[in-house]
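Marked as substrate binding site by TrEMBL: B:Met39, B:Gly188. Among the features that TrEMBL reports, ATP binding site is placed at B:Arg115, B:Ser161.
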Amino acid sequence: MLTIKSIRETNPVILNVANMVTPQHVADAINFYGGSPIMFTDEREAAGLTNISSGVVFNMGSTNEATLRNVIASGKVANKRGIPVVIDPVAIGATELRQDNFARAAEAVAFDVIRGNAGEIAYLANVNWQANGIDAGNGDGDVVAIAKKAAHRYHCWVVLSGVKDIVTDGETTYCVDNGHPYFQTNVGSGDMLDGILATAIATEHGLKALVRATATFSIAGELAGEKYPNQPASFFVELYNQLATITDEVIDTRMKIHQV
Amino acid sequence: MLTIKSIRETNPVILNVANMVTPQHVADAINFYGGSPIMFTDEREAAGLTNISSGVVFNMGSTNEATLRNVIASGKVANKRGIPVVIDPVAIGATELRQDNFARAAEAVAFDVIRGNAGEIAYLANVNWQANGIDAGNGDGDVVAIAKKAAHRYHCWVVLSGVKDIVTDGETTYCVDNGHPYFQTNVGSGDMLDGILATAIATEHGLKALVRATATFSIAGELAGEKYPNQPASFFVELYNQLATITDEVIDTRMKIHQV
Amino acid sequence: MLTIKSIRETNPVILNVANMVTPQHVADAINFYGGSPIMFTDEREAAGLTNISSGVVFNMGSTNEATLRNVIASGKVANKRGIPVVIDPVAIGATELRQDNFARAAEAVAFDVIRGNAGEIAYLANVNWQANGIDAGNGDGDVVAIAKKAAHRYHCWVVLSGVKDIVTDGETTYCVDNGHPYFQTNVGSGDMLDGILATAIATEHGLKALVRATATFSIAGELAGEKYPNQPASFFVELYNQLATITDEVIDTRMKIHQV
């Protein structure tokens, strides 16, 4: 079983092709959780940095020709070496460029995990959803069905974030009931989860590690929300405190997961 | 009248051409205030993202050929569709590049709001001011006269930030007396106000909406400063808490504005 | 002697070629300490912005062809005008690109200060060290010998950050015993110190100014750590509070330095 202790002892190096908005938050989340983040901008060091990493995260939020080249260059090396790849199709419903660049990444690289909100995962599952911009939007689709469909299509694990988080390999599916509304009030919560998922499966590969990492992040948020019920920014600072100090005992006690 | 309630119900999407220093703060400010931020880097999605937005913010702090192209591509679509445009001429007094790029943007795009400090607005008004780098500098000019002159020159609203904020359309001018010295102690306060102004006029177009939004941000700072009188970084976290939870009643009670 | 009072009165403009992860933290650190930060992305304004600056900081964490050009363009002007140059060889052990780009910068520009962790400075000193990614790694080298060797090789001051910080010109060497483990828990602490060092020597040039600035940052961390012993993110907010309000009396009382 993936433990916080093992993550902190492993201290895996996690390489990021980050977006331009939240890189500090993502690096902090990886670091506080127990990993060691690196980011880069020049394609020529993609292979070298991937070689010394134990996990890679591709955030498509600031997609452009240069960042796509970085994704593909790093992803190919990661695939060859069996280093897990997490990708986040940020706001993929919003523009053709995001759709084209994700498709080009998917052609060149096999993903281990796709993480997104309901609108983003619905797009990947070819399910109609009112995705508008970066938020999840509202829709009537069944999030479990959507997540499973995307997992089948891309032959990978899918983590669909929302009030309830869905974690699936397309066959076995878990629902994580932990969480707090202030995650959505803070820009970059999803991006941070990407980094946490990569750190988790860099330490122990498997669906259950993803489930536990998702729950851990949500529980850290619950603890923060209990301390700062009406202060969403204080919540965020405390989320980090909790992420850095949470124990396996607390996770075991509070984790609310069930198979669906 | 623009209310916080209406902003939160409208939840307008605000598109940003951000600088490289403060994008997280700007996104957070928009989000905590009640809007929904998006940022991008690739010109090819400028039109698509502008089309789904209700307001756009152009921060010229990291101006270069690529960001200028993004500004012009997004601004033209915004103008055509009547989407309000806020521009921030960051440190325009500092280099010819900033001056040239602002001029090129102004040739191609009509602005709804220019927001800057006294030194930046003075430059746009052709008034001599000791602007040096990113800070306002000190000078003897009359800030009301400067703001009005810039408003006339660019046919738009001007928000001049300082100890007192000036909000003008060139004819009608308001002075906002709310505020706190710790805004200047935190890098990006002005950039955050840009996003708040765009969110405000995306919800309700008009000079009075700009005045109320400027006052709201300043009042959030006053409340934060009262809670953390000697802790400028705690002030900043609390500024976000206040921005996310402030009510119209508190704004009405504390707002200190007068026409000049 | 360099005093906090003199820094705040001088309020030196510090120009940064920043990395893409921590620019907000670096700008905040400079600002809270008493300087005035500027950042830029377009080579064409490198000379103009350097001319109005009193110190420059080159962070090589997001090195690429564009940022290297910015480093060289700004560095040449800084050298010509006697403006102090601080460079941070982030993760230089990790890739050839980082090594080549640092070498190209070193060919074109004379540095006043190199700041890095043990692994980074060991690389520059041609000493074998297990540098892996961005963290210091563990090794058996003598940090004092490494710092002195790098100082001799690059004819500049070296600040080697770690549990103990080493500050040397190659002949005279100080050890700063102040500090707190949570500096390493927060991504960007070293980058922030780069900005603080530049602000310090922009105010008063000299090895002793570097020693005092290094101690000041460490003492601010000690004070933060005493207030938030088990909350590494609250530590970080409080680090800023302390940096903004620390007095020379507190620095004098707590500073633990000795010549080695």
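Each Cβ is built from the backbone N, Cα and C atoms, and glycine gets one as well.
Sequence features, as recorded in TrEMBL, placed on the structure.
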residue: B:Met39; record: substrate binding site; Cβ neighbours (10 Å): 24
residue: B:Arg115; record: ATP binding site; Cβ neighbours (10 Å): 30
residue: B:Ser161; record: ATP binding site; Cβ neighbours (10 Å): 28
residue: B:Gly188; record: substrate binding site; Cβ neighbours (10 Å): 25
Binding-site residues (B:Met39, B:Arg115, B:Ser161, B:Gly188) in Cβ proximity to chain A, threshold under 8 Å: B:Met39
- request: State the Cα to Cα distance, in Å, between B:Arg115 (ATP binding site) and B:Met39 (substrate binding site), rounded to an integer.
  value: 19
Near chain C - the binding-site residues B:Met39, B:Arg115, B:Ser161, B:Gly188, filtered by Cβ distance under 8 Å: B:Gly188
Message: Using the alpha carbons only, what distance in Å do you get between B:Met39 (substrate binding site) and B:Ser161 (ATP binding site) once rounded?
response: 24
Query: Given B:Ser161 (ATP binding site) and B:Gly188 (substrate binding site), what distance in Å do their CA atoms have, once rounded to a whole number?
result: 12
- prompt: According to DSSP, which of helix, strand or coil covers B:Gly188 (substrate binding site)?
  reply: coil
